């Protein structure tokens, strides 16, 4: 297989050869076995077009818009495609909110002094509570408890009762437009019920109605789930601030006990770092024959952690995104893989057996065939649970290398991570004016929020994302990166000071003056909400310029799963030009395609652009940014 069909990253390319030599199932070979993209392509053309449905016993049905061929119930291809998209959106929103629910649970128990965590950012707690209209005259614990009560009450509002969180946090112009469209949301639970119920057979088959419900759900998700989640995690674990972090597979050293918290929830990861930094745990590891004990960040759980806590010899580094997972597990450097919500592959038990590591589900969402033992996260028991996990890892080290050699000599780079609204303001001297001045002068043409996964659909891991971002910064467009795509940028070296050499002259000069890279590591996919709040602040700083008129865009060069689809729908509701790749499974729905790629501009101000070529994709983004600059007279 061609190296670039595997991955952009040399480390993963090399590990693929090891995995092949070991005759292990892997994501690349499984992709090829599906016949996807082959000649001929063996995918079902109706499935690829989104023109099929199997929700009821009359089906499976296929539809063809060119012949007005409908499902047995009478639903059109447009309705089929959008209904399935809305169901994906519900899955994405639900999973985002599961994380939020666990964060609020953790904050409440921390306020009651029942967890190993603390309120690390009392000022952030007060600032956020004050924005929500919560009394901040009491103790930090009282404020935190009142905050938990306030947001949970809002989450549980019925869909017909407007969300207070959205009312308070969203930009005024956006709220007005959402009210006009009838998509101002209620509570997130009510919105998920409304959306899911709408997808029942013979309920809502109208693609426009379904699309508006998707936007409504996306708005509720972004403000209630994402913003509340990230800001409350800031309160508990720290506001992201810039610092360097080791990245890539070279952070794995087989002579250490290596623990990998993996998924999207950082709670047990942070608890393990706190314990592992204590001398007694290092001594336990050394008594087992290791040089020490390390916690290695992985995927989005790791991204949440590295944004907030600095590296040392215990919290040692970050591996990469989800397609790197089998490469990491096959390294024979892992002792414990703690799998929380999201992004732990179903084949992990096969890798655990082959490469001698302990696989432990730590979320009630996660299960693996053949793995009966589990340790579901409980904030009150978090320290005890973390200790059990570290003990498992130390015990595993004794036998890890009994049946094979570890992979050695992999590269490790450095990335600057930890950008947030607060840290950007700090870098700018406490005001957005320097950034706005750079945009007004043209030194920075515009800003792109890159919220992406990684996928093998058209290219190897991260190949397309890196190509798009390199092209953006070459054209003096600043990038804020989030999600698995953020890991792509970090490991590819684009979040380092040296990446300024890829930037256009004026962006390079701004980055040098501010001491930042041209790609700002802005967090996880959940930080989409944080980005929306930043755009609201920029809109306000410019005197209320509508978000659709800002020289900004969203990009998902390698979206993959259901969370990504709700992020994209929210971006459209927010009024953003939104670039996505691969081609979504809606091409058999011509009216829906027209709605998303043309008519949406008149509805919300947003627009979906789909393009598989990196240069053409950036051409579209740049053209949009230049049009907005012209409209603003800058």
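Placement of Cβ uses the backbone N, Cα and C atoms for every residue, glycine included.
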(message) Looking at [4Fe-4S] cluster 2 binding as recorded in Swiss-Prot, which candidate out of 44, 47, 73 goes with 53, 56, 61?
(response) 73
(message) Just to be sure I read the record right: 264, 343, 453, 525 are listed as binding [Ni-4Fe-5S] cluster in Swiss-Prot. Which of 199, 232, 484, 600 is listed for the same site?
(response) 484
(request) Write out, in the order they occur in the sequence, the residues of the chain not among 264, 343, 453, 484, 525 that have a C-beta within 8 Å of the mean position of the C-beta atoms of the recorded [Ni-4Fe-5S] cluster site. (result) 299, 300, 321, 322, 342, 483, 524, 560, 561, 563
(message) Rank aside, I only need the closest one: which of the binding-site residues 44, 53, 61 has its C-alpha nearest to that of residue 453 ([Ni-4Fe-5S] cluster binding site)?
(response) 44
(request) Give me the Cα-Cα distance between residue 56 ([4Fe-4S] cluster 2 binding site) and residue 264 ([Ni-4Fe-5S] cluster binding site), rounded to a whole Å. (result) 33
(request) For residue 453 ([Ni-4Fe-5S] cluster binding site), just count the other CB atoms lying within 10 A of its CB, please. (result) 23
(request) Among the binding-site residues listed here (44, 53, 73, 525), identify the one with the smallest other-Cβ count within 10 Å. (result) 44
(request) Find, for the listed binding-site residues 56, 61, 484, the residue with the lowest Cβ contact count at a 10 Å cut-off, counting only other Cβ atoms. (result) 56
(request) For residue 53 ([4Fe-4S] cluster 2 binding site), just give me the three-state DSSP call. (result) strand
(request) Please report how many Å separate the Cα atom of residue 525 ([Ni-4Fe-5S] cluster binding site) from that of residue 53 ([4Fe-4S] cluster 2 binding site), as a whole number. (result) 29
